[in-house]
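This report concerns only the one structure given below.
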Amino acid sequence: MGKIIGIDLGTTNSCVAIMDGTTPRVLENAEGDRTTPSIIAYTQDGETLVGQPAKRQAVTNPQNTLFAIKRLIGRRFQDEEVQRDVSIMPFKIIAADNGDAWVEVKGQKMAPPQISAEVLKKMKKTAEDYLGEPVTEAVITVPAYFNDAQRQATKDAGRIAGLEVKRIINEPTAAALAYGLDKGTGNRTIAVYDLGGGTFDISIIEIDEVDGEKTFEVLATNGDTHLGGEDFDSRLINYLVEEFKKDQGIDLRNDPLAMQRLKEAAEKAKIELSSAQQTDVNLPYITADATGPKHMNIKVTRAKLESLVEDLVNRSIEPLKVALQDAGLSVSDIDDVILVGGQTRMPMVQKKVAEFFGKEPRKDVNPDEAVAIGAAVQGGVLTGDVKDVLLLDVTPLSLGIETMGGVMTTLIAKNTTIPTKHSQVFSTAEDNQSAVTIHVLQGERKRAADNKSLGQFNLDGINPAPRGMPQIEVTFDIDADGILHVSAKDKNSGKEQKITIKASSGLNEDEIQKMVRDAEANAEADRKFEELVQTRNQGDHLLHSTRKQVEEAGDKLPADDKTAIESALTALETALKGEDKAAIEAKMQELAQVSQKLMEIAQQQHAQQQTAGADASANNAKDDDVVDAEFEEVKDKK
């Protein structure tokens, strides 16, 4: 069995890890970094860039550089959170035919799973380069508070990237695995506070150890899937835009290039203010008007940043209270607090969390790498490489169906340990009703319309009977990935209908297959591009070395040969500017054929040089003998 890699598919950065024996190892990407920016760019010449190369060119290509795509995955275009992003993102977010939030790049409509798959492909390639073998299986992490549609969309992204997703696990749970694996024995209850680039989670986890086996049991989880570092950046960007407008009378929001530069500067300033008390946002030539170029130079203090984001930090505290309440615990029951996600490096976040729990968070867990390490550990558990570890996760939101009067009737309550299965018997609302519609919902509100609709299906063929007589058994079955399977059965006729809940929109099988094929075609195109570059390099080398040999041959090369070679060199030079590998190879072949006389001359010159060199060495050796004899050491007799 091959390795199952662990991938933290983050909003801002992603990370990949593997199990090296019984030790998890975070892998460095081709650029030598342990984390990869979750940024994808589509260049003018049709190339797809992922990670640092995409980030570097963002300033000059803002409309075609996609970031924070995880905030759109599994979401509807009309969602309030998506509408907030539509107004601030430099790229175009559109409504797909099925109502999902998609992105349009260079006239092409793309689904978020398709874009996230590019990041997963980079993670896959990083692992393959390290292991020296193909990788086909992965454990991918998601925010604990992701709903069913978002989990499905993440699995779809894995498939499009050519990965079989063996398990979807929650990010805080993965961080707890990374933390608990190498800590000493004994039972403890931990709180994992995970504030990443785009999402926030809190999980209360109990680690029990019995006879050397560790059980990680999630007691409760809560969060906000649209709260993270990107929101902190936005607050600072808005402040800088307003200050510049006051000072210069120009609104930078109308200038995508300026906004992209500002985004990078704001992110950098935010990071600097975690260790410094103040910083300068200095952007020369940020824009221009009729009077000439304009420069931005604004001082930002840590106190100013904190005042801008205080409500965001406070927003993360409410879920902590709910999670503790759901777990039936008080603050004093928590033994350790673990911070995960880059945004937790902000001193204000650390201070608020410490105040809430009454203890300092642990500093020995790497907030950027813990989640990927935990995913790799879970991969090791699935392959059998990691023993004595049992993971008991929960479903983050209640699941149920719509019943008479537009009420949601819960079948599986939030924070139920998964996998789990629950059945309940319902009946008809009308006399002689021959079909029922099962409308599946996820959420905590009593009114069905206020919850997330996961889909619906019909159960037909119910025998005519007075209302309330037929017995319809509805079964909810949640698998270990937290994905829901629903069945409805008429106990009288034995008729049954089953579905795996796909997002009421989501990608259908044909769309996923097409995206998988496109990804494979891209891989083929990438391979051909690599071969073309290698051939070009060989052609360049041949061009350079032939010109040098023509120069060295001088008058020894007959004029006819020289003319033929010059003509072949020009033809090769032209071919090298094109995109046709076969044409370059053909011109290299032609050059080699007309250069035979040149090769002979070069070989003769080389042989003469070697002979001359050998003669010179022999003469030197004779001279050396004379010198040595002259300076022969004579020891005095004592």
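The backbone N, Cα and C atoms fix where each Cβ goes, and this holds for glycine too.
According to Swiss-Prot, the features are:
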MOD_RES   Thr199  phosphothreonine
MOD_RES   Lys245  N6-acetyllysine
MOD_RES   Lys245  N6-succinyllysine
MOD_RES   Lys246  N6-succinyllysine
MOD_RES   Lys304  N6-acetyllysine
MOD_RES   Lys304  N6-succinyllysine
MOD_RES   Lys359  N6-succinyllysine
MOD_RES   Lys421  N6-acetyllysine
MOD_RES   Lys502  N6-succinyllysine
MOD_RES   Lys528  N6-succinyllysine
MOD_RES   Lys556  N6-acetyllysine
MOD_RES   Lys587  N6-succinyllysine
COMPBIAS  602-620  compositional bias 'Low complexity'
REGION    602-638  region 'Disordered'
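Positions of Swiss-Prot features highlighted on the structure.
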residue: Thr199; record: phosphothreonine; CB count, 10 Å: 27
residue: Lys245; record: N6-acetyllysine; CB count, 10 Å: 13
residue: Lys246; record: N6-succinyllysine; CB count, 10 Å: 8
residue: Lys304; record: N6-acetyllysine; CB count, 10 Å: 14
residue: Lys359; record: N6-succinyllysine; CB count, 10 Å: 16
residue: Lys421; record: N6-acetyllysine; CB count, 10 Å: 13
residue: Lys528; record: N6-succinyllysine; CB count, 10 Å: 12
residue: Lys556; record: N6-acetyllysine; CB count, 10 Å: 13
residue: Lys587; record: N6-succinyllysine; CB count, 10 Å: 24
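Among the modified residues listed (Thr199, Lys359, Lys421, Lys528, Lys587), Thr199 has its Cα nearest to the Cα of Lys304 (N6-acetyllysine). Taking only the Cα positions, the spacing between Lys587 (N6-succinyllysine) and Lys528 (N6-succinyllysine) is 19 angstrom. Cα separation, Lys359 (N6-succinyllysine) to the residue listed as 'phosphothreonine', rounded: 24 Å. DSSP gives Lys246 (N6-succinyllysine) a helix state. Here Lys245 (N6-acetyllysine) is compared against the modified residues Thr199, Lys421, Lys528, Lys556, and the shortest C-alpha distance is to Thr199. Thr199 (phosphothreonine) sits 33 Å from Lys246 (N6-succinyllysine), counting Cα to Cα. Reported as a whole number, the C-alpha separation between Lys528 (N6-succinyllysine) and Lys421 (N6-acetyllysine) equals 49 Å. Rounded to a whole number, the C-alpha distance linking Lys556 (N6-acetyllysine) with Lys421 (N6-acetyllysine) is 89 angstrom. On a Cα basis, Lys421 (N6-acetyllysine) lies 59 Å away from Lys246 (N6-succinyllysine). Thr199 (phosphothreonine) falls within neither a helix nor a strand when secondary structure is assigned with DSSP, and so counts as coil. In the three-state DSSP classification, Lys359 (N6-succinyllysine) falls within coil.
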